[in-house]
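Going by Swiss-Prot, these are the annotated features:
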- Y155: active site, proton acceptor (ACT_SITE)
- 9-33: NAD(+) binding site (BINDING)
- S142: substrate binding site (BINDING)
Amino acid sequence: MKLTGEVVLITGGASGLGRALVDRFVAERAKVAVLDKSAERLAQLETDHGDNVLGVTGDVRSLEDQKQAASRCVAKFGKIDTLIPNAGIWDYSTALIDLPEESLDAAFDEVFHINVKGYIHAVKACLPALVASRGNVIFTISNAGFYPNGGGPLYTAAKHAVVGLVRELAFELAPYVRVNGVGPGGINSDLRGPSSLGMGGKAISTVPLADMLKSVLPIGRMPEAEEYTGAYVFFATRGDAAPATGALLNYDGGLGVRGFFSGAGGNDLLERLNINS
């Protein structure tokens with residue numbers, strides 16, 4: 001397996017894409033520490049994966065919680081090779097005109113504190129261990145870090161900020177730590193919204209994303225969370241990704257190559273090539 005003996009710390013790793021990443025990295029024989037706010041889901045991870053996983057309950061907005069996750073990871077597994085800042089919330093595409101004036105400041109702070117400051121805290125907390133291991137950071141971005149309409153102005157601005165973090169930290173931490181980013185598209189998950197906008201109990205799985213993306217993406221469907229994990233394994237693999245730092249992999253299902261009048265230009269290929277589906 002590609003990551004035998006490697007140690008990975010993932011924030012927001014107890015559900016959604018984060019959970020898929022934990023499963024994939026364990027399958028690649030890595031040891032994984034997870035910082036998440038849900039003690040119940042962390043306990044389930046440890047039950048499912050045994051000594052391969054360490055769960056740490058905490059809030060990514062707290063530098064002390066992030067430092068505790070880093071120190072407990074090193075105490076149990078001896079090092080940190082890969083850090084994946086992944087915890088986040090979505091603003092459910094709340095447009096500027098729909099943002100209540102009385103909630104705007106709180107909503108901005110909540111989205112940016114989790115989606116941006118939480119990432120900075122993670123790197124700050126893990127930096128000594130990452131430099132010591134000559135490790136790497138893989139930021140979870142989003143297609144909203146590259147295109148409009150993947151969220152409202154708060155989410156989109158936050159994800160564009162993460163793109164800037166990848167580039168700046170790739171410079172600042174070279175040559176000892178590689179820093180890259182993966183931009184997944186929509187995933188049917190438990191991703192929540194800002195509590196400051198009354199969306200803390202709302203999950204993205206309640207949105208008919210599969211139907212929406214089927215007609216928009218050239219690949220013709222919404223990918224599963226597991227299908228995005230290979231990009232993270234690639235960046236974490238020392239041999240395969242040694243030259244990669246400051247790289248941004250926008251996994252957009254072909255959104256960037258949509259035609260003006262249709263999502264995919266090859267819809268008639270099976271018929272024209274006489275291939276039975």
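Glycine too: its Cβ is placed from the backbone N, Cα and C atoms.
F25 (NAD(+) binding site) sits 20 Å from S142 (substrate binding site), counting Cα to Cα. When the Cα atoms are compared, the residue listed as 'substrate binding site' and L21 (NAD(+) binding site) turn out to be 15 Å apart. Listed in sequence order, W90, D91, S93, V111, N115, S142, A144 are the same-chain residues at least 6 apart in sequence whose CB falls under 8 Å from the CB of Y155 (active site, proton acceptor). Within the same chain, residues at least 6 positions away in sequence whose Cβ sits under 8 Å from that of L21 (NAD(+) binding site) are I10, G13, I84, N86, T229, Y232. Each of the binding-site residues A33, S142 was assessed for Cβ neighbours inside 10 Å, and the highest tally belongs to S142.
Sequence-distant contacts (6 or more apart, same chain, Cβ under 8 Å) of R29 (NAD(+) binding site) comprise M1, K2, L3, T4, G5, E6.
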